[in-house]
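If you check Swiss-Prot, you get these features:
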- 23-211: domain 'EngB-type G' (DOMAIN)
- 31-38, 57-61, 74-77, 154-157, 189-191: GTP binding site (BINDING)
- Ser38, Thr59: Mg(2+) binding site (BINDING)
Amino acid sequence: MCETMDFFERYKNLKEKYEEKKTKPKVIVVGRSNVGKSTFVRLMTGRKDIRVGKKPGVTLKINEYDMGEYILVDMPGFGYMAGLPKKVQEKIKDEIVHYIEEHADEIAAAVQIIDTKSFFEIVERWKGRGEIPIDLEMFDFITDLKISPILVANKMDKIKKEEWDAVLDGICEYLKCQPPWHQWKFIVPAILKEGKGIEEIKKKILERVRLFKKLRGIE
């Protein structure tokens, strides 16, 4: 949650551990299925062979891409995945959690992508069942591990422009971050299918990667 995000202190405390093991930091990409993760990875890497589909669950394994200063890690989408038994979906979710826990000390940032249009409906549906909404659970999980988040509010084209601030403020409230959203530098509104927001995301990634490396003495 926002009130506990002391990422600078985490970076500083881990510097000694990285005196000998000077590996490239990782930047993970997480989100529910069908929120635009594959589109984001294509924009970041320039690779055209990354599948982008309308059916949830196109990415079913963890893929790593060397971005020069860091490794971009594309995680499978969590939640509903088309054509997969629930047992398999749960197994994939467990693998995501295990990977993040196992590599937490190597992760400079986590890019969490949400579908802004459906976010509120899905969160309320899960809460109505007495369950923790999976988007909120993932955000809490990332920040509890003191991993610096970058929350990409994708598909903003489906929101009226005059409603953007109110919608993003509402997301802040669900994340237990006091509005207005502008004060939280980790939130980036985006329309990834049009490439809008990608440069701001790249900038935030590099800021976190370079701080991460500086505090660990990684060249």
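Just so you know, glycine gets a Cβ as well, placed from its N, Cα and C.
Structure with Swiss-Prot features highlighted.
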residue : record           : DSSP class
Gly31   : GTP binding site : strand
Lys37   : GTP binding site : helix
Lys61   : GTP binding site : coil
Pro76   : GTP binding site : coil
Lys155  : GTP binding site : coil
Pro189  : GTP binding site : strand
Quick tally, other C-beta within 10 angstroms, Lys37, Lys61; top of the binding-site residues is Lys37
Students should find that the Cα atoms of Pro76 (GTP binding site) and Ser38 (Mg(2+) binding site) sit apart, in Å rounded to an integer, by 10
Determine the mean pLDDT over the domain 'EngB-type G' (23-211), rounding to the nearest whole number.
90
If you draw a 10 Å sphere around the Cβ of Gly31 (GTP binding site), how many other Cβ atoms fall inside it, taking every protein chain shown into account?
25
